[in-house]
Amino acid sequence: MDKYHNHFHITKHLHLRNFLHNEYNDLVIADTFRLLAISMVSLFIPIFLLNSSFSILEVAFMELGVFVGAILFHFLTLKFLNAFGGVKRVMIWSYVIYILMYLALRYTDFLVAGFGKVIFLIIIAVLDVSASCFYWTTHHVYFFKSTKSRNAGKKLGILLSVPTIAGISSPFLGSILIDNFSFHTTFLVSAILMIIASSALFFSRDIKTEIDMSLKKSFNFHNPRTNIIFFIQGLGYAAVGFIWPILLFLFSIELISMGFLYLFSNIVYAAISYFGGKKTDNDHSNLIGRVGAVGHGFSMIFRALSTTILAMTAFQTMGGFFGGLVHIAIDADFFRNSHKDMANAIMCREIYMNLGRAFLVFILIILLFYFPVRQVFIGALIFSGFLTFILSILIKARPNNEEIECCE
């Protein structure tokens, strides 16, 4: 066995140069380290702000600003992508901005004392939205340019599952670092991981591409079904990525217990993303998307109604399973059918996903003025679950090689 493993490692290193000079492989490596950094802290940033004397309304308004601003930032990034230096250069800038954001969070007390709470939240929001939009815009273009339509599902499955496998324990490790050291130490560790992530993108050539974008095509008014799918998908992301962690905090769940919850759901999500991606390439069936939508909707509702850590763990793991199904079905279909007009397709997706996120947070803010905080967050998660059911009706099979309608 030792001899075999030695031979395996020699062979692997002989081919390492070719591996690193492949654009898709570089993206997988960079995504892996990025997810390690993001997963370690992103779950806990709203909680950190709440523990730093910011109110729930202040944090919610910041999130609303991020989601609304994301539409403009995505447009500007796509419009001036080549002027900014190309896909990989802009992606590297996203890592640099993430590092600046973590350092700003590291020195929260100093910045708040110098500029005040409102200016500090604006700084964090601008850094967050610019880093996120730079990353996701270039990520989508990078993926389009390094894959073919026929294997988009498989490649997307790998791209989702491999970083998730590597980052399975990141929220748990982040919670341990926070509990045993501090938030500040965790922010520094995440910044270091971001530096490593950016270095992976230097091995292969940069990517430049023609960007032909029309706002009329991007808004896609003639195809409301696709727009509503993206809207509900974005709303669901806000529900599980913003509403749910704060609800756990309101339930007085310890940080280590939160990390433990995500440990199980990430394992399931990684497996489902990989095998589900291959399945979507084999038969282009969206049955898994419909099943995933129903199951994911129920997982949100059950999470909102859970009263024990065991139930929360079970239903979050359920969300990892069914959420993986619905997202791999929607996203694989998007990447498979958008190669011919990727700029308008990307912009269409980002417009309606961010409108969905902003809509949920806007409703949350209004309700916070009139109802108790915990009840509002429970209601928001239940509402998101019921809306997710609608995806099971909207997701339908698309013939092979049919471009999505917003890109015609």
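Here the Cβ of each residue, glycine as well, is placed from N, Cα and C on the backbone.
Record features (TrEMBL):
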TRANSMEM  27-50  transmembrane segment
TRANSMEM  56-78  transmembrane segment
TRANSMEM  90-108  transmembrane segment
TRANSMEM  114-136  transmembrane segment
TRANSMEM  156-178  transmembrane segment
TRANSMEM  184-207  transmembrane segment
TRANSMEM  228-249  transmembrane segment
TRANSMEM  255-275  transmembrane segment
TRANSMEM  287-305  transmembrane segment
TRANSMEM  311-330  transmembrane segment
TRANSMEM  351-371  transmembrane segment
TRANSMEM  377-395  transmembrane segment
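Only pairs six or more apart in sequence are counted, and the transmembrane segment (351-371) with the transmembrane segment (311-330) gives fewer than three Cβ pairs under 8 Å, not enough to call it a contact.
With a threshold of 8 Å between CB atoms, the same-chain residues lying at least 6 positions outside the transmembrane segment (56-78) that come near it are 46, 49-50, 84, 90, 117, 121-122, 124-126, 128-130, 132-134, 136-138, 211, 213, 215, 218, 238, 242, 246, 343, 346-347, 350-351, 354-355, 357-358, 361-362, 364-365, 368, 373. The stretch in closest packing with the transmembrane segment (287-305), judged by the count of Cβ pairs under 8 Å and taken from 228-249, 255-275, 377-395, is 377-395. A Cβ distance under 8 Å defines the sequence-distant neighbours of the transmembrane segment (311-330), meaning residues of its chain 6+ beyond its ends; these are 153, 156-157, 160, 229, 233, 236, 240, 244, 248, 253, 260-262, 264-269, 271-273, 276-277, 280, 286, 288-289, 291-296, 298-300, 302-303, 388, 391, 395. Counted over residue pairs 6 or more apart, the CB atoms of the transmembrane segment (377-395) and the transmembrane segment (90-108) come under 8 Å in fewer than three pairs, which marks the two as apart. Long-range neighbours of the transmembrane segment (228-249) within the same chain, counting only residues 6 or more positions beyond its ends whose Cβ lies under 8 Å from a Cβ of the stretch, are 42-44, 46-47, 50, 56, 59, 63, 67, 258, 261, 296, 300, 303-304, 312, 316, 319, 323, 326-327, 330, 348-349, 351-357, 359-361, 364, 374, 377-378, 380-381, 384-385, 387-388, 390-391, 394-395.
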